[in-house]
Structures are given as structure tokens and as C-alpha cells.
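Everything below concerns the one structure shown next.
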Amino acid sequence: MAEELISENAGKISGHLTKSLLAVALLSSFGSSMLYGYNLAVVNSPAQYIKAFYNETLLERHDQPPDEHLLTVLYSITVSIFAIGGMTGALLVGRLVTKYGRKGTLVRSTMLVFVGGAMMGFSRWFRNPAMVIGGRFITGVHSGICLSVVPMYLGEIAPKNLRGFLGLVPSIHICLGVFIAQVLGLSELLGKEEYWPLLLALVVFPTAIQLMLLPWFPESPRYLLIEKGNIHATIAALKWFRSKGNIQAEIEEMQEEQRSLSSIQTLSVGRLLVDSCVRWQVITIVVVNIGMQLSGIDAIWFYTNDIFRNAGIPEPHIQYTTVGTGAIEVIAGMLGCFTIERVGRRPLIIGGFLFMGVCCAGITVSVLHQAQLPFMSYISVGCVIGIIAGFCIGPAGVPFLITAELFKQSHRPSAYTVAGCLNWLSNFTIGFVFPFLQEATGPYCYLIFCTVCLGVAIYAIFIIPETKNKTFLEISQMFASRNKIPSEELASNGHLKMSLMNGYGTLGIREEK
């Protein structure tokens, strides 16, 4: 009966891809998600110039040159402070989207990019390294906010049959942002010493376009109706995003969700972590989200040039090799997006992590033997490309997807908070620790990443079920025995109630009074 209700509602609220939907998806991703990818990779090309700037300014202030260790610490902070800002932004999302709405939060958060971009752009003029670090932190806060808000906004404005397609637009823009940073970092373009502040400050231009155009688009209809109770604004927003279709069916669906919220309480992060009913779901998102960042992909993004240099690639060729990896990343990301609904979640995440683990081990072996066997330098480059391709095909997107799928409506917001904080914290750890780890262990550091990748793959093989085409109730039942909860209790002492949260069609439980 419940499954029939899902199918019936899904049919009613299906829609077409309109110009308005496509425009807002591209615009919100262009000015937000793309900046995250850009900021991940943009510090790679001008690394030597940033270190030189730090050396010059410290010498001017203290009349003696700083030691190399201090410069390494300052550059590591410059790279990793972006993740601290991201974690700060992730913690602010709940309050911001409730107070200002989804689109309102995106529009207001653009101010952070202008402040951070200006600080980085004028840092050399003011001879202040702290402005670079501070600008990176502020842009990190912006990315931490937008990485959650953009998918939330697009998911709420999209008809059910297009939610997956539109939800992939931000991830493709992240890959595109990395690629653009690598292209602009070429020595023929902005990869020169005099241009590195401009390279860091270019983030203001996509944001300016977003700020000029995004306010003209409507707010999320679900936010307007469910949280603000404004039926007239909701109808106007739906008409804007739908060229045709049954708007009344969508409004009825939202009203059903609104009624269901009164009987389903959202859990706090603390209660989520101690809830035995979702213990293995929580462990799963912890494993996959930490594994996603500790797989070595952030080290590849942050320090690509250094990795290729240590692999023996001639200095003039390094920048072009890096750009090539960025193009492969975009292609692999699109391949993963178009195959995930065909092959399922498990094959992509297991295969991706296994392939990355093999490639990490390959880097260690090739670097150790490249002095005796010159062709090994090409093997190491191939392994770097393999890590990027393996990551973008599966591990890059599946953790975000299964975080939604493993939890019911009442647990999902806190689950995303936990997942987001773990992502950014792990991102910071790799960005800060990797240069010291590489200095201490040399090529053997990639064996650590290999171990992490293989560990996550083994966990996925034995623990994570296939969630493709499964309802949230079915997924909960799949974890019931592992959580030591009889599966019949999921539907006993109560009746199934349809609670369409963000249009996912979840099945919640409401006890009989």
C-alpha cells in the first residue's frame, strides 16, 4: 500500500526540465560549487611564489630570513585553513537556511567571497601574509555553507523525476572549478610571480555574476510553504519553475509534508550519535566520509606539482600534466554521474576505493624504483591519474548520496552535519599534515592512503547494502538485524505514514494514539 502511494505521488509530481530550472542550477553551482573546486586547486600552481612572498615579508619584519620549516608551516596553514573555514560554514547552515531561506542564504553568503577575495588580492600590496590566510579562511566559510545549501535548494525546486539530474550539476562544477584553476595557473596565463594574488582573487567574478542574477529567481517553494506558510509566493515560485504540470499535486504533497512534521521530531547531533537504532548507519557515514578525504585525493589536489616533481617529471612539463589530470577528473566525474543509477552504489564505491588503493601503492613502488628504471616516472603519473579517475567515478559522490539514503527524515539533518564536519576536518588534516608526512616517510606515505582505501572497500563489501531503488523504510529494515532491532518493529505498534521530506518520498513511522 505504501509503495503504491509512492508511485502514485511520483507520477503526479513528475515534470520537465525547463529553462528556469536549468538556469538556476547552472547559476547557483557556477557561483558557489565551482568556487569550492577552484579554491582546492588554485594554491597548487603559485606555491613557490606564495612561499617566496612569505619569506620576503618575514625578512622585512625581523631582519633575518625564516627557516624552511617555518615557511612549510605557513604554507600548510594557507592550504588547510580553507577546510577550517568550510567546517565553520557547515555548522552555520541550519540556522541560515531557516532564517534567510535557501536562495537567500546563497545570495547573502556571496559577501564572504568579496571580502576573502579582496584580502587575498591586496595581500602583496599591503605586504601582509595574514591577509592570504584570512582570505582563504573566509572563502572556506562560503564553500562550507554552499556545499550544503546548493544541493538543498536544487533538490527542493526540482520535480521528483529531475532531482537526481539537477543534484549532479554542483558536483560537475566542482570538478570544473579544479580544472579552471589548473588552466589559469599555467605559466602562459596567470602562473607567474606577479599574478598570483590575482589568481587567488578571481573567485569574485563568478560570485558577482551570481549576485547580479540569482536574486531574480524565486525562493524554494517548499521553504515558502512549509516554513513560511506563504501559499501565494509558493504558487508563484512553482509557476516560475514549471512550464507545465500539475502544480496542485505538488502543493498537496508539500502540505502533507507540513502536516507530517508535527508528528516527526528532528534529532539533534547528540541524540543521533547515541541512538542505537541507527548505530551502523552512523558508523557507515563516518567510515565513508573520513575515507573519502583520507584516501589521498586531497594530497593529490593540493600538492600535484610537488608529486609530479618528485616523480621525475621535467619542470617545464609539470603544469601541463596537471592540467591533463584536471580534464580527466571532469570526464570521470561525468562518467560516474551517468552510471550510478545503472550499476548501483556499491560497485562504484567498492571499485573506486579498490582502484585508488592499488594506484596509491603503485606511486610508492614507482617512485622508489624510478632512479633505476626511468620509465617508472610515467607509471607514477599514471597512478596519480588513476587515483583521480577512481575517486571521481565513485567515492567523490556516493558518500553524499548514501548519507541521505541511510537515514529517515528525522535523522537526516544531523547526519549531514556529522558528515560535513568529518569531511572538512579530514580535509584540513590532510592539507596540513601531508607535507610533513611526505618529508618524514617519503614515497611510503602513499601506503597509508592505500591502507585507508582498502579498509573502506572491505567495510563496504561486508557492511554497506545496495540502496539502489530502495525506499528509506526498506533500507532501515536492511540495517535492523545489524542494529539488533527486529525488522517487524519498524512497522509494528503504528501505521505507515507518507512524509515527503524534500520530495524524497520517505516512509516515516507515526505511533497510534
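Every residue, even glycine, has its Cβ placed from backbone N, Cα and C.
Annotations in TrEMBL come from automatic prediction, not curation.
According to TrEMBL, the feature transmembrane segment maps to residues 132-153, out of the candidate ranges 132-153, 220-241, 264-285. Comparison of 73-94, 106-126, 132-153, 165-184, 348-369 by number of C-beta pairs under 8 angstroms to the transmembrane segment (21-38) places 165-184 first. By the Cβ criterion (distance under 8 Å, sequence gap of 6 or more), the transmembrane segment (414-434) is counted as touching the transmembrane segment (73-94), at least 3 such pairs being found. Tertiary proximity for the transmembrane segment (132-153) is limited to same-chain residues at least six positions away from its ends with a CB under 8 Å from its CB atoms, namely 28-29, 32-33, 35-36, 39, 43, 50, 53, 74, 77-79, 81-93, 96-97, 102-103, 105-106, 109-110, 112-113, 115-121, 123, 167, 170, 200, 203, 220, 400, 416, 420, 424, 502. For the transmembrane segment (348-369), the residues of the chain that approach it from at least six positions outside its boundaries are 288, 291, 295-297, 307, 310-311, 336, 339-340, 376-377, 379-380, 382-384, 386-387, 389-391, 393-395, 398-399, 442-444, 446-447, 449-454, 456-457, 460-461, 464, judged by C-beta separation under 8 angstroms. Residues 17, 21, 25-26, 28-30, 32-42, 44-45, 147, 150-151, 154-155, 158, 190-191, 199, 202, 301, 304, 319, 322-323, 325-327, 329-330, 333-334, 337, 392, 396-397 of the same chain lie 6 or more positions beyond the ends of the transmembrane segment (165-184) yet place their CB under 8 Å from a CB of it. Beyond the ends of the transmembrane segment (446-464), by six or more residues, the same chain brings 280, 283-284, 287-288, 291, 294-296, 299, 345-346, 349-350, 353-354, 356-358, 360-361, 363-364, 395, 402, 437, 482 to within a C-beta distance below 8 angstroms of the stretch.
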